[in-house]
Structure formats: C-alpha cells, structure tokens
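Copied over from TrEMBL:
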SIGNAL    1-25  signal peptide
BINDING   CYS26  Zn(2+) binding site
DISULFID  CYS26-CYS83  disulfide bond
DISULFID  CYS28-CYS108  disulfide bond
Amino acid sequence: MSALVLTLGLLFFLFVGLNKQVAEGCRCVQRQPQQLYCDSDTVIRAKIAGEVTRNTYSINIIKTFKHLSKKPVQFIRSYDDSCGIRLKNEEYLLAGYVEGGVMVVDLCSLVMRWDSLSSFPVSEWL
C-alpha cells in the first residue's frame, strides 16, 4: 500500500513540476516585437489616464498604428491573474486584441513604455 501511495505522490509532483504553467504561472512563447505587432488586432501609442477599476484603465490615444476592430478603443484591460500587468500613468506602445470595445493586454502582449523605445528600432516595423 505504501508503495502505491509513494508512486502516486511521485507522479503528482512530476506532473506539477513538468507542467510549466502550473509551476511558473503565466508562460508566454518568445516572439519578436514585429510578430506581436502582426498578430495583434490593435497597436497604439497611448497615455494611461487612470485606473477605472482594478486592471481596467482609461486611455488617451496618441497614435493608432493598427486597428482591425470597428469599435473605437477607450479602455485597456488586463487580466487579474498571473498573466495580468499593472500600468502606470505613462505613455506606452501597446499591442493586443479588442473584446467588446476594450483592448486587452497581458504579460504576453507587446507593452513597452514609450520613452524606452529610443534605442529600439520601432520605426522599422510600425
């Protein structure tokens, strides 16, 4: 009986250890910014105006680089789990998808502070 319990316990820990999403939380496939741009519904330069509710932000769009949705984006939302991000009242380059007029971004999205892009060749792919 103890051998069965030991075996099941080892299998459980192996499963949890090998399952990277469980072991590490949010897991993203490494992609170049150009690929994130291409895969996104919307890519904007925006200033975060403030947090409306937890992980939902009102924005002032400075420039729209790409927008496939017919609804204008007024808010940005992030998840409330390990994949979510917190944004400050700063300017960002944001790429994500639109759900009901709200742009959704997470740890796997392209989210870069605009002032950090000076050394980044953004103009080559925007």
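Placement of Cβ uses the backbone N, Cα and C atoms for every residue, glycine included.
Shown here: features listed in TrEMBL, placed on the structure.
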| residue | record | CB count, 10 Å |
| --- | --- | --- |
| CYS26 | Zn(2+) binding site | 14 |
| CYS28 | disulfide bond | 11 |
| CYS83 | disulfide bond | 17 |
| CYS108 | disulfide bond | 16 |
CYS108 (disulfide bond) in three-state DSSP notation: coil
Among CYS26, CYS28, CYS108, which are recorded as recorded positions, the nearest neighbour of CYS83 (disulfide bond) by Cα: CYS26
